[in-house]
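Structure record follows, encoded as structure tokens.
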Amino acid sequence: MNRHKNFIFHVALWLLIWSTAWIFSGSDIQFAAENGMALVFQILVIAILIYYTVPQLLLKKKYIAFTVVSIITVFVVTLILTNVVPDQVLGMDNVGQVPGPRFGPGPGVGGPGSGPRFEDGPPLDANRRPPSRFFINLLLIAIAYVIATLVEIFLLAQRKEEEIVINKNEALQTELKLLKSQINPHFLFNALNNIYALSAIDSGRTQQSISYLSDMLRYVLYECEQEIVPLYKEIDYIENYIKLFCLKSSKTYPITTTFTIENQNIQIVPMLLIPFLENALKHSNIEKITGTFINLKINATENSIDFELENSKPEFKIVKDDVGGIGIENVKKRLAILYPNRHELVINETSQAFKVNLKLQLNE
């Protein structure tokens, strides 16, 4: 809400307040005359607040100056209202004076026994004076200024909170793009390494590997531009990745996969699961050591996706080139951003195996 809209809001608010008070007064003309100018000066101090003191002082965190200027503004406007505007305009020409007695009909007019008497009403206290006109005006102006200030502070706090949320979302989107940009080159680096190794062994399989790579690139370049993709496409990518890896050798690798998908409409954030598989293929050294294994299971329903991956660990630590590696930390960051409070990641590592359990809640 900009300053002009704020001002219109406050004007409408006080018009509503005074109109309601006037209706409850019985639509009395004198009431309107007495308070009409007060409304005008209330709008004046609100305009000063919105167009000067808030943008020039409050927004710049000059709180002491804001307080001093506010007090001076209220008093000056009250003095103008009290001393410049004629009493007759306000209908307050007798304010501060003790009303004199008002007599009823004279003798013989009101019937037998009638004589001088005060009109019916509460007894008058000659020592009690009504509030001064300045005090009444000060109260009216101060109330309007304080209410407007509280509303402005509330709107400023709300606007600041919205800006924090927007900035946070922008930061998350930037981080997501960075994390995603790390995944694609990493995938291409590994795939090209596999094809290069395969070309030195079997040129016939190289053509098949290029076909797998073509499907994978199509998925990465086009499908992964979406925020979410069908889970079955992510699984197709995983299967192609495993096939491409297995083409490096004529022997059969002990890799088992089990995919149970309830329906084809289940969706997931793209490229979320593949880093776990890359990590397993890399660190299990499955292509060189017998007795190793990789077991991959995905079970998906309309409400959740359960991902389980377990791979054996070699007896001795394998040192490999980490160029292009993004690791599990990338996945953890993406999960925190994309599935906040809707995921559970458990990683267990022993001397013989490395196991990952990931559960995603699909319903927010």
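Backbone N, Cα and C define each Cβ position, glycine as well.
Annotations in TrEMBL come from automatic prediction, not curation.
Remember, it's a predicted structure, so these values are computed and weren't measured experimentally.
Taken from TrEMBL, the feature transmembrane segment covers 7-24 (among others).
As annotated by TrEMBL, transmembrane segment applies to 36-54 (among others). If one looks beyond the transmembrane segment (36-54) by at least 6 residues along the same chain, the residues whose Cβ comes under 8 Å of a Cβ in the stretch are 3, 6-7, 10-11, 14-15, 18, 66, 69-70, 73-74, 77-78, 80-81, 85, 89-90, 137, 140-141, 144-145, 148-149, 152, 156.
The feature transmembrane segment is assigned by TrEMBL to 63-85 (among others). Beyond the ends of the transmembrane segment (63-85), by six or more residues, the same chain brings 37-38, 41, 44-45, 48-49, 53, 57, 133-134, 137-138, 141-142, 145, 149 to within a C-beta distance below 8 angstroms of the stretch.
The compositional bias 'Gly residues' feature in TrEMBL is assigned to 103-114.
As annotated by TrEMBL, region 'Disordered' applies to 103-123.
The feature transmembrane segment is assigned by TrEMBL to 134-157 (among others). Panel annotation: around the transmembrane segment (134-157), residues 1, 6, 9-10, 13-14, 35, 38, 41-42, 45-46, 49-50, 54, 58-59, 70, 73-75, 77-79, 81-82, 95 of the same chain, lying at least six beyond its termini, place a Cβ under 8 Å from a Cβ of the stretch.
Annotated domain 'Signal transduction histidine kinase internal region' per TrEMBL: 174-246, in sequence order.
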